[in-house]
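Enquirer: Pulled from Swiss-Prot, these are the listed features:
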- B:6-239: domain 'PABS' (DOMAIN)
- B:Gln34, B:Glu109, B:Asp140, B:Gly141, B:Pro166: S-methyl-5'-thioadenosine binding site (BINDING)
- B:His65, B:Asp89, B:Asp159, B:Gly160, B:Ser161, B:Asp162: spermidine binding site (BINDING)
- B:Asp159: active site, proton acceptor (ACT_SITE)
Protein chains: 2
Amino acid sequence: MSADAPVWIDEVFEDRVRYGLRGQILWEETSPFQKITIVDTEHYGRGLLLDDCWMTAERCEVCYHEYLVHPPLTTAASIARVLVIGGGDGGTVREVLRYAEVEQVDLVEIDGRVVELSQEYLGAIGTAWADPRLNVKIGDGIAFVQTAPDASYDVILVDGSDPAGPAAGLFNREFYENCRRVLKPGGVFASQAESPDSFLAVHLEMIETLSAVFAEAKPYYGWVPMYPSGWWSWLYASDTPGQFQKPQSDRLAAIEPQVEIYNRDIHQAAFAQPNFVRRGLSARQG
Amino acid sequence: MSADAPVWIDEVFEDRVRYGLRGQILWEETSPFQKITIVDTEHYGRGLLLDDCWMTAERCEVCYHEYLVHPPLTTAASIARVLVIGGGDGGTVREVLRYAEVEQVDLVEIDGRVVELSQEYLGAIGTAWADPRLNVKIGDGIAFVQTAPDASYDVILVDGSDPAGPAAGLFNREFYENCRRVLKPGGVFASQAESPDSFLAVHLEMIETLSAVFAEAKPYYGWVPMYPSGWWSWLYASDTPGQFQKPQSDRLAAIEPQVEIYNRDIHQAAFAQPNFVRRGLSARQG
């Protein structure tokens, strides 16, 4: 049986920009939440699309997962209990579980089929599914934080898709307020925060909303070549001003040798803000 | 007369990745050096491709030109005389000419048709063609630096395309040695240095070669959404170790309010190296 000929697998952004990888479609289905496509690309290996948007691929995933995980994990007061919302491909929890201090990670993913298909096809990304510290809960992360006890997690990481479809509720103030309530003192919240190039208005609104909920919220920037524009961002929020700039040196020393991108210089560098972001925030506040 | 229907204008990278913008082709010709395409895109406005590779576009050009120009221009001992090799779209010299200290800019572009078509169609990028400090010379930049007098420029900026076609000679040691000879004491050389994601081997080789020619050569990183992977780099080289980290505060204060991205924080941040670059350099030296 011969393999199918490769095709272009494109994400089309606003009908004006497209980013395509050549490869084969290994599986496609529509779950109760979204269209799920598993592909094998020539350039970045096996990958995942949700609703025709690129989510991850084997050789293009550390640039997202390292940035989401390590700035909060190196700086939180404690990292014993970590909550991950979304992240059904398993890359985020893999990075979290690198830390020996982590005792429990709860992964709350709304779409069980994303977890099952990632476990079946994307084992090179999700290498930590068998870690006994990991609990996978299939359910709505928004409802989960509504009912979670006060001060029950050290770190909350939001690894969701764009603010449409099942992830829309991960971008509103009530959700952020629940996350703050659920965090312990010294805790840290982080979320992907869209592209400052492709989604500037959403990006600025997230910064503004999180700044109103937490004592401090800081965007940080990196590269995700398969996402719109490749210029990606995350948001770090905590009730301890300046905490984002103070990674713990024992954690840095343990993590730096294990990862592809993140180190103490990248940590500080990621928080530099382009002028157009600063001006956008000033204009909204003015 | 109705406008043509928009088409996808794609750059295909190694037949495995494509990046496309929807728009109309305004002009296309083959010069003695390359295929030149002028387009009008819905997302980023008017733009230029050379040999079917994206070079620039109106709303996606500061991210390239600011990074090439401002780290060297804020740190060089003097910036009276600047040489730009390539850069026929006019964006680089526009950024250079923001500095009142600049007395003369020589732009040496091999392809006169790129300059003419940019002047005709891309006036929103090249806004400084009429500046009396600018001399445009149509010719080979490699030959130009071979015959240029010793210590005749304060800054040399290489704004060329990939190391194939007319730009290939901009990536070899002899060219860099001539640039060093042509620089005055305290001078700075900078070049675009490809993508660490899409062209890692070329990127590492450039760092290694420039490090052998100058006392210090440092890569720095930013985002160019329309280039392969969006993760772009430049190289800063000088004979004054540590110079790259010391922008002059009067120049910073004059430039920051005028530009979209660059500021003192971005300057320092850009030089943070991902682990895979550090390891790639160590492996080559090992």
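Positions of Cβ are set from backbone N, Cα and C atoms, glycine also.
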Enquirer: On the Cα atoms of B:His65, B:Asp89, B:Asp159, B:Gly160, B:Ser161, B:Asp162, which are listed as binding spermidine, what is the maximum pairwise distance in Å?
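Expert: Largest pairwise Cα separation, rounded: 16 Å.
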Enquirer: Give me the long-range Cβ neighbours of B:Asp140 (S-methyl-5'-thioadenosine binding site): same chain, 6+ apart, Cβ under 8 Å, in sequence order.
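Expert: Counting only residues 6 or more apart in sequence, the Cβ neighbours of B:Asp140 (S-methyl-5'-thioadenosine binding site) under 8 Å are B:Val108, B:Ile110.
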Enquirer: If you count CB neighbours within 10 Å, which one among the binding-site residues B:Asp89, B:Glu109, B:Asp159, B:Asp162 has the smallest count?
Expert: B:Asp162
Enquirer: By a simple count of other Cβ atoms within 10 Å, which of B:Gly141, B:Gly160, the binding-site residues in the record, is least packed?
Expert: B:Gly160
Enquirer: Say you check the Cα of B:Asp89 (spermidine binding site) against those of the binding-site residues B:Gln34, B:Glu109, B:Gly141; which is nearest?
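Expert: Spatially nearest to B:Asp89 (spermidine binding site) by Cα position is B:Glu109.
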Enquirer: Which residue, of the binding-site residues B:Gln34, B:Ser161, has its CB surrounded by the fewest other CB atoms within 10 A?
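Expert: Each of the binding-site residues B:Gln34, B:Ser161 was scored; lowest Cβ tally within 10 Å is B:Ser161.
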Enquirer: Say you check the Cα of B:His65 (spermidine binding site) against those of the binding-site residues B:Gln34, B:Glu109, B:Gly141; which is nearest?
Expert: B:Glu109
Enquirer: Whole-number Å distance between the CA of B:Gly141 (S-methyl-5'-thioadenosine binding site) and the CA of B:Gly160 (spermidine binding site)?
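Expert: The Cα atom of B:Gly141 (S-methyl-5'-thioadenosine binding site) is 10 Å away from the Cα atom of B:Gly160 (spermidine binding site).
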Enquirer: How many whole Å apart are the CA atoms of B:Gln34 (S-methyl-5'-thioadenosine binding site) and B:Ser161 (spermidine binding site)?
Expert: 11
Enquirer: Which whole-number value in Å describes the distance between the Cα atoms of B:Glu109 (S-methyl-5'-thioadenosine binding site) and B:Asp159 (spermidine binding site)?
Expert: 9
Enquirer: What does DSSP say about B:Asp89 (spermidine binding site): helix, strand or coil?
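Expert: Assignment for B:Asp89 (spermidine binding site) reads coil.
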Enquirer: Count the other Cβ atoms sitting within 10 Å of the Cβ of B:His65 (spermidine binding site), across every protein chain shown.
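Expert: Excluding its own Cβ, B:His65 (spermidine binding site) sees 27 Cβ atoms within 10 Å.
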Enquirer: Name the secondary structure element type, per DSSP in three states, that contains B:Asp162 (spermidine binding site).
Expert: coil
